[in-house]
Every structure is written in C-alpha cells, then in structure tokens.
Amino acid sequence: MARHFRDTQFGHLVRFLSSNKLFRYPDEMDPSLREKYLQRDENGEPHGASTQDLSEKQVEDGIDVHLVDWYGPDDPENPQNWPDSWKLLIGFQICILNFSVYIGSSIYVAGAPDIMEDFGVSQTVATLGLSLYTAGYGIGPMLWSPMSELPKLGRNAIYLYTLLAFVLLQLPTGFATNMPMFLIFRFATGFCGSPSLSTGGATLMDIYDPARILYGICIYSSFGVLGPVFGPIIGGFVAPAKGWRWTIWVFTWLDACVLVLLFFLLPETSAANILLRRAKRLRKATGDERLRSQSEIDAAHHTMRDDLIVLSRAFTLAFSEPIVFFMDLYSALLYGVLFLWFESFPLVFGGIYGFDSGAQGLVFLGIFVGAVITVPLFLLWVRYHIVPKLTDPAFKPEMLLPPMFLGAAALPICLFWYGWSSRESIHWIMPIIGSSFFTVGVVTLFNPVFNYLGMAYPASPASIFAGNALFRASFGASFPLFAPALFHRLGIGPGNSLLGGIAICFIPIPFIFYYHGERIRHMSKNARHDI
C-alpha cells in the first residue's frame, strides 16, 4: 500500500520530512537494482538498453551514458502496470476534478439576477461572469498542458498547485465589492482551474492501454457535461435562498474537498517524470553521473528556444496541424451553439411556464437522463465494434468517427423539438424530452473527436486536448453574449430554428472527416502516419 502513496504530494512531503526513510523506492531498498544500470554487456552497451536507446549524436560523440529505464515489462512503478483498483481511484479523482471545475461555470448563472441588482449592471454584463470564466479555462490549458508534459514538472504538481490557487482565488471572487473585481477574479479562477479539463485525458492515457482509454475518455468527458448540468440545479436552489455569493461558496467547498483528496491519493502518472526522478536517485546513491533517463538524454542539447517551443506546443499543434485545426473548429462551433441554446432555458421555463428558480434548474435533469441512456450505449459500441479491431493492422483512427453521424443528426432534432414545443399550449415535459437529445449529440460528437485526436497524437495528448479546449471555450464564452438579443428579437421557436439550421449545416462535416480524414491526417506533420 505504501508504494501507492509514495508518488502523491503527501508521499513526497513524508519522504522530505523523514529524509527519505519512509515510503522508500525499490532501488533504495534493493542495491541489486542499482547495479543493473552499472553492468554492461559484452558489446559495451548499457545493460537493458541498445544503441537505439541513445541519440545518434551522443553515440557519435562517444558520450558514455547508462540509460535508466523500466526494470522490465512488469515494473510495478510503470503506471501501465498499476493495479486496476488504483487506476480506478485515479480515474475517479480526475473525473470528479473535471466535474468540480465545470460546475463553477453554470452554477453562477442562477445568481446573475442578484449580480445585476447588487452591482447595477445589465444582463449582458452579468453574463460576462460566465463568459470570462469559460475563457479562462480555455486559455489556461495552453500554458498548463505543455508544462505537464515537461518531465521535470510532471502532471501531479500542476493539478495540485493550480487547484490550490483556484480555491484561494474564490475568496476575492465571492467577496467582490464591484463588477470589475468580480469579473477579473472569475477569469483568474477559470484560468487556474483549467488543467483538469485538458490534462485529465492525458493522465488517463498514462495509466490505461489503448483499448481501455476509449472507455476512460468517454466517462471523463461525461463528467465534464454533468458539471454544467448540475450547476443550474444546485444554483437554482442556493441563489434564491442565500444570494449569488453562496453559489461561489458551494463549489468552492467541493473543490477544497477535491484538493484534499488529490493531495493524499493522486500519484504522479507521467512516465518521463517517474524515470527522471529514478535516475536522480540512482546518481545520488551510486555517484555515477552517467546514469540518465531518456528525457535527460533528449534535453542535453536543448536550448531555451527548445523549451519555449515545448511551451508553445499547444498553440503550434492547434493552428499548424490541419486535422487538429478542423476538428477543433468543428468542436468549437458545436460548443458555441450549445452554450447559446442554454441561455434560452430561463426564458422558456421561467417566462413561458412560470417555473421558479429552483424548478428551472431541475429541468436540466432531462439532459442528465439523456446521458444515463446514451453513455452506456456508446460504451457498448466501443466494446463490440472498436476494441476487437484495435489489434487489426488495417485499423485507422477514422474508424472511431461513425457515432458522429448520429450526433450530427441528434443536435438539430434537439433544437427544433425544444424550440417549437416551448409554448403554453404544450405541456412542459415536451421541451424537456427534446432537450435530452442534447446529450445524444454531445456524447456521440465530442467523444469520437477526443478519442480520435488522442490516438492520432499519442506523444502530446495534453497539448492536443488543450488546443481543443481553447477553441471550445472561445466560442462558448462569446456566443452567450448575444443570446438575449437573439431570443428576444426572434422568439424561442425561430431562435432555436436558427440554431437548428446552423446544426444542419454541420451534418456533412463528420462524413468528410470519416472519408477524407486519413488524407488530411497525413498532411499533418506531427500526426501518426503509421496507421
């Protein structure tokens, strides 16, 4: 059990306070493991490594390096070899972290009328509280995700310290005395809370094989959908009873609990970081400076310019890789339409059906029911139609995309059904049933995109997901700002028809990706070309 806590932030603290006497690593207890890297085979190469493990330039320069790698295919420190129970716990923490940050966007909406009254601002300005938070968690991953791929930092520290900043910054947000102060800290909290929204998928890829990661990404992204769904439900009851400030405190408490959970139970999952720290321990124990991890070997000739390139990787991949750019743009357009559509809920259930604030939040349960039905069906499709094909040499990432055909059709169905059934003469259950098709679209559109990008760019998943988050958040932040004008001028039915018409225009895009995606992918420099 001790080895599970060893790589958590709690474990690092215990090791520091005990001078590394507690939570010791295998190489600190078994000297024979150290000798493994000092033994050389008859060819003079490092034991357990070949010349292919070293860069060509280093071999030519005659640099004598002993590569520090896994002890073998069953190395217990390799995240891929961790017990299933430990992997499930890690996955749960990443999912609940994703949920706890996303809920912060929509829980605020129920308190927007109070904000307008307290600070004397318009509805559009009050909506900025949602938009700037969304913009913050779109921009943040462009920095945090590439940093999490640096072996010296790893993923764990990024999660913990940004979440700590996220929780602390809620204090000036909740105690804001004017609108500018509130908006500044809403953006700052979104920025600091963003790593889980993109790096979380990379963490799951660290611990799961390609077959299981398809399930993991689906469940992880579903928690991201549930956050905005449960936000209005909770906020709808909290805001009328306690005011808008309590919508901030509720999810702050949730994130504080998640912070404690991560401190004690979330280990480092980056293989490069684990091996780098192993190499440092071995050098300290043996005094042999030739012991190097692969990341240290690669970094030996890195310059400041190379480090800047790594940090800008998310931007570079998002805007220079054709398949990434078009996938991200498609996701962003859908995301913007959906966020714009959300703004019509108070107009329909409050204005037409006369629901109070709490009841208006409950109508989002229709979306939740849609998720309960759609997610298991999607996972069954993965199990029976995708997993058996993963070992087939003819398998292509584009084979992950067919569910998008259903999602592309479900989205306009949702918008038209919801828009034209929202009238006093029709029972309120009808628009709620129509809204459940929203989840069909989200699950079958976004999950194939995430899995596709992760499979096409396995070397830098965090940066790939960060670029997607930036595109989605940019559209999700801007589209709601013109929602009041749209629905007040056109009305609920015509306004949703306009959105439905836009969604119909998106229908051919999944087919283009499916039939021509391989050609576009091969035009992308950093994508996998071997599948």
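Every residue, even glycine, has its Cβ placed from backbone N, Cα and C.
All annotation found in TrEMBL is predicted automatically rather than curated by experts.
The domain 'Major facilitator superfamily (MFS) profile' annotation in TrEMBL covers 90-520.
Annotation comment: TrEMBL describes 88-109 (among others) as transmembrane segment. Nonlocal intrachain contacts for the transmembrane segment (88-109), taken as residues 6+ away from its ends with a CB within less than 8 angstroms of a stretch CB, comprise 129-130, 133-134, 137, 159, 163, 166, 186, 189-190, 193-194, 196-197, 200, 203-204, 207, 216, 219-220, 223-224, 226-232, 234-235, 238, 244, 247-248, 250-251, 254-255, 258, 261-262, 265-267, 269, 342.
Within the chain, the transmembrane segment (121-144) has long-range Cβ neighbours (under 8 A, six or more residues past its boundaries) at 101, 104-106, 108-109, 112-113, 115, 158, 162, 179, 182-183, 186-195, 197-199, 311, 314-315, 339, 343, 462, 465-467, 469-474, 476-478, 480-481, 483-484. As annotated by TrEMBL, transmembrane segment applies to 121-144 (among others).
Summarising the annotation, TrEMBL assigns transmembrane segment to 156-175 (among others). Tertiary neighbourhood of the transmembrane segment (156-175): same-chain residues 7-9, 97, 101, 140, 144, 147-148, 181-182, 185-186, 188-189, 192-196, 199, 245, 248-249, 252, 255-256, 258-259, 262-263, 266-270, selected by CB-CB distance under 8 Å and a gap of 6+ residues from either end.
Long-range Cβ contacts of the transmembrane segment (181-201) within its own chain (Cβ-Cβ under 8 Å, at least 6 residues beyond either end) map to 94-95, 97-98, 101-102, 104-105, 108, 115, 119, 128-129, 132-141, 144-145, 148, 155, 158-159, 162-163, 165-166, 169-170, 172-173, 217, 220-221, 224, 255, 450, 454, 461-462, 465-466, 468-469. Per TrEMBL, the feature transmembrane segment maps to 181-201 (among others).
Within the chain carrying the transmembrane segment (213-234), a Cβ under 8 angstroms from the stretch's Cβ atoms is held by residues 91, 94-96, 98-110, 197, 200-201, 204-205, 247, 250-251, 342, 345, 360-362, 364-365, 367-368, 371, 375, 378-379, 382-383, 386-387, 400, 439, 442-443, 446-447, 450-451, 454, all 6 or more beyond its ends. Look at TrEMBL and you will find 213-234 (among others) tagged as transmembrane segment.
Per TrEMBL, the feature transmembrane segment maps to 246-276 (among others). Beyond the transmembrane segment (246-276), the same-chain residues lying 6 or more positions past its ends with a Cβ under 8 Å from any Cβ of the stretch are 4-11, 68-70, 77-79, 89-90, 93, 96-97, 100-101, 103-104, 107-108, 110-111, 148-149, 151-156, 159-160, 163-164, 166-167, 170, 173-174, 193, 203, 206-207, 231, 234-235, 238-239, 293-296.
As annotated by TrEMBL, transmembrane segment applies to 362-382 (among others).
Under the heading transmembrane segment, TrEMBL lists 403-420 (among others).
What TrEMBL records for 426-450 (among others) is transmembrane segment. Among residues of the same chain six or more beyond the transmembrane segment (426-450), those with a C-beta under 8 A of the stretch's C-beta atoms are 201, 217-218, 221-222, 225, 327, 330-331, 334, 338, 341, 348-349, 353, 355, 363-371, 373-375, 378, 400-404, 406-408, 410-411, 413-414, 416-418, 465, 468, 510.
The transmembrane segment feature in TrEMBL is assigned to 495-515 (among others). Same-chain residues lying 6+ beyond the ends of the transmembrane segment (495-515) with a Cβ under 8 Å from its Cβ atoms: 326-327, 330, 333-334, 337, 340-341, 344, 398, 401-402, 404-405, 407-409, 411-412, 415-416, 418-420, 422, 445, 452, 486-487.
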